[in-house]
Amino acid sequence: MSLHWALICHGLITLTIVVSFLCGQWRIFQGTPISSIHRFLTFGAYQYFLRFIGAVFGDRGTNLILSVEYYCCDRPNPILQLIYLAIIGTTYYIIVKTSFSYIPGYYLSEAHRYASFLAIAVGILLFLVTSFSDPGTVKADNVSRYLSAYPYDNIIYTEKECPTCKIPKPARSKHCSLCNRCVARFDHHCGWMNNCIGERNTRYFLAFLLWHFLLCIYGTIAIGLVLAGRLKELQIVHVLTVYYGVDNSLRSLAPYVVQTFKWQDYISWQKNLIEARASTAALKANIAGMTTEGKPQESKCKSFFRRSLLQDTEAIVKKNVYDKGFFHNLYEVVFPVSTRASFLHTKSKSG
């Protein structure tokens, strides 16, 4: 039973960290431990690290770390790309050296040797495609196409010119100071990719994130099954070895063992009975508190799906022309407007 609980805890801890890192900023997690873990992973841990460096090495140490951060994250360079490849390569090497000798095993077949390599290869391929693909660079020879694909709403986006590139700025585009270019439907500049994430490569970036999320889950389950299979095999060998050596002794001790188990069962039953009575008393107290205090606080799940009070003001707010629904917006990410054959055909006719 302890093995099963260890594997469950291992999986839950890994899942909690991954969900906290990727989804901790969602409104449904506000005020929960998931949100706190997300802040610690994305901001708090680095701030504590800076404080530690400042306490040990003073301002010179802190300034050195900030200079390295600026060079790695705020300037175009391949350092973070190399760090990613080093992390992936080192992790896979450790897994091969420590786990492949037990595959095939009690729970995993030999196919997982090749499946793990394929999973890593697909992740690296998505990383390279995202890193070296065109994010949707807006230039003088294609700006008219992007202007037609993304019209102005005259609320957030109005007709203006990029002061650096000296060309009209299509709606939802932005000039990236790191790459020194205008990018259509600009999302952000990713230091890990050393590239902007825009109209043409957002699909690859989202596929990269989704694949690595699934890769974390697969790795957690596979390592847990390797550990479980190894312990299962050791347990079987141990039982077979001990059985033939102490079988007669166990027979002589059987009456005492039976009495011991009966006593342990009685103690366990008494403990469960006491806990049940305590839980009943606590439940009664909570019910009494709810009846006296009035309506209980609304759960996070209900508040997430509850109609927002701001929706009552929709009558006086202009419609967001870029919000065409979840599935249509997702379709535009997978198949960018400016790259569709139908759009290009229509544009050539109008031109």
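Sequential numbering from 1, following the chain as shown.
From the backbone N, Cα and C atoms, a Cβ is placed for every residue, glycine too.
As written in TrEMBL, here are the features:
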type	residues	note
DOMAIN	158-228	domain 'Palmitoyltransferase DHHC'
TRANSMEM	6-28	transmembrane segment
TRANSMEM	40-58	transmembrane segment
TRANSMEM	78-95	transmembrane segment
TRANSMEM	115-133	transmembrane segment
TRANSMEM	204-228	transmembrane segment
Would you say the transmembrane segment (115-133) and the transmembrane segment (6-28) are in contact under the rule of three or more C-beta pairs closer than 8 Å, pairs 6 or more apart in sequence?
no
Across the domain 'Palmitoyltransferase DHHC' (158-228), average pLDDT on the 0 to 100 scale:
89
